[in-house]
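Undergrad: Quick one: structure below, then a few questions.
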Amino acid sequence: MAEKINMEEVKTSNGEAHFDEPLVNGLNSHRKTEPETLAQRVKRIVRANLLVILTVAGVIIGVFIGLGVRNVALTRTQIIYVGFPGELLIRLLKMIIIPLVVCSLVSGAASIDPKALGKLGGWAMLFFLVTTLIASAIGVVMAFIIKPGEVTVTKLASFDEEVPAHKEIIDSFLDLIRNIFPSNLVSAAFQSVSIEFMFSHSHGGVVPFGTDQDGMNILGLVVFAIVFGVALRKLGEEGEILIKFFNSFNEATMVLVSWIMWYAPLGIMFLVAGKIVEMEDVGSLFASLGKYIACCMIGHAIHGLLVLPGIYFIITRKNPYTFLWGIFTALATAFGTSSSSATLPLMMKCVEEKNGVSKQISRFILPIGATVNMDGAACFQCVAAVFIAQLNQVPLNFIQVITILVTATASSVGAAGIPAGGVLTLAIILEAIGLPTSDISLILAVDWLVDRTCTVLNVEGDAFGAGLLQFFVDKSSKHAEDAELSDIRLDGEMSAAAPEQSPLIEKRGLSDKTDTAM
């Protein structure tokens with residue numbers, strides 16, 4: 001009797017989900033549960049997307065605050081006060097980057113079989129390379145269609161001091177290789193190596209000197225963490241303790257990230273507001289560089305809303321826009337902070353919780369993507385190179401266009417995930433096709449805006465890469481399961497000659513015996 005009561009309780013508690021089944025209390029109970037389910041459904045949807053809703057609200061309110069406060073003549077100090085909560089968000093995210101990148105890559109590389117690691121890395125690099133090439137091609141095509149350089153542009157002298165110094169292409173690539181192998185892991189957390197040319201009296205000419213520049217050497221940290229993870233796996237049992245340490249460190253870091261995520265909407269609101277208040281003479285800037293900005297934005301929109309979702313849909317046959325909705329908070333953070341490295345913690349959280357990407361894949365691929373995959377930067381660099389060529393009335397031949405594509409794709413690998421990182425690598429492209437680097441001052445004038453859409457596209461490409469890798473892993477594991485099942489079936493056919501071993505027959509025999517006994 002007690003068993004029956006329990007069963008009925010279970011049925012009634014699950015009754016809301018199964019209206020097809022006959023209800024004990026008839027229509028009355030149906031009426032009672034219907035409004036509750038609607039309210040619960042709305043509540044569930046709001047609760048599931050609360051962070052996204054808050055983030056969107058934060059961006060919109062930030063724009064209105066910025067436009068409202070802009071009319072008041074604020075001092076430079078007061079403008080800094082307006083952007084202070086946003087500055088805190090960037091500081092919090094940057095604080096968590098190093099432990100997150102190092103621990104996630106060490107634990108990721110240690111938990112995946114070296115063969116599978118190579119395969120995953122190979123697929124990821126192929127995806128990143130192809131999408132970056134497509135983004136570069138879109139940038140060049142858009143620049144030739146819109147022709148942003150065929151306008152009278154007033155040169156902005158205030159930005160000349162920020163233009164990167166002249167550097168040979170070979171030196172730039174040697175710098176990239178130097179940074180892959182940092183001499184000091186502690187200094188790699190806040191400094192990277194760069195070659196500078198100085199006059200030497202003893203040599204009687206200009207000599208290259210390796211100098212340390214401010215800025216995280218994320219490429220060196222990524223390479224070290226992967227190699228260290230593989231080494232720990234090689235140790236076997238001896239390395240288990242350290243792998244567990246990195247795993248638990250990683251989990252603790254992700255808990256901190258989940259706390260920071262709830263501060264993100266407020267931080268983004270003040271970041272956007274602060275940037276709008278800071279802008280000077282927007283009208284003249286858009287009048288002279290409006291076509292260039294539009295060209296970059298349209299290129300980014302085509303790549304981010306059509307190309308990447310298209311690739312994802314063709315391969316997985318899943319809706320790419322539901323995937324995009326899942327990472328919306330991370331994309332809004334990317335727009336607010338304009339740093340793909342700073343967005344990395346939130347992106348990991350979003351793809352794991354909303355899009356069902358496993359921890360091993362997201363924590364291995366996303367840090368690599370944040371360093372290597374720069375679709376947005378490649379697209380903007382190609383537009384900028386063609387824009388500067390048109391500005392100087394330099395016709396580009398087919399070889400120069402190919403040079404722009406290849407150089408943009410290759411140099412975007414080294415573009416550190418920091419704000420305005422793409423501008424530094426733009427100098428390499430301009431040198432490659434013999435254009436003056438002094439015109440980069442124009443690009444810097446609007447980089448605060450273009451760099452935001454660049455970052456959104458960069459992190460979106462990383463997320464789709466993680467989603468595709470998850471699909472490949474699921475597919476290969478399914479194939480392996482099917483193979484195991486076919487082996488089991490074969491074994492079953494082999495043992496069919498011995499029917500007395502079958503548990504069903506044994507059961508049937510037992511029931512027959514009991515019947516005869518009855």
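Cβ atoms are placed via backbone N, Cα and C, with glycine included.
What TrEMBL records for 505-518 is compositional bias 'Basic and acidic residues'. Taken from TrEMBL, the feature region 'Disordered' applies to 494-518. Among the features that TrEMBL reports, transmembrane segment is placed at 50-69, 89-112, 124-146, 215-232, 253-277, 289-315, 322-344, 364-389, 401-430.
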Undergrad: For the transmembrane segment (289-315), give me same-chain residues lying six or more residues beyond its boundaries with a C-beta closer than 8 angstroms to one of its C-beta atoms, as numbers and ranges.
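TA: Sequence-remote neighbours of the transmembrane segment (289-315) are 131, 134-135, 138-139, 142-143, 146-149, 151, 153, 321, 323-324, 375-376, 379-380, 383-384, 387, 442, 445-446, 449-450, 453-454, 456-457, 460-461, 464, 467-468, 471.
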Undergrad: Could you pull out which residues elsewhere in the chain have a CB under 8 Å from any CB of the transmembrane segment (322-344), counting only those six or more residues past its ends?
TA: 51-52, 55-56, 58-59, 86, 89-90, 93-94, 97, 100-101, 216, 218, 261, 264, 267-268, 271-272, 309, 312, 350-351, 354-355, 366-367, 370, 374, 416-419, 448, 451-456, 458-460, 462-464, 467
Undergrad: Same-chain Cβ contacts of the transmembrane segment (50-69) under 8 Å, 6 or more residues past its ends?
TA: 82, 261-262, 264-266, 268-277, 325, 328-329, 332-333, 335-336
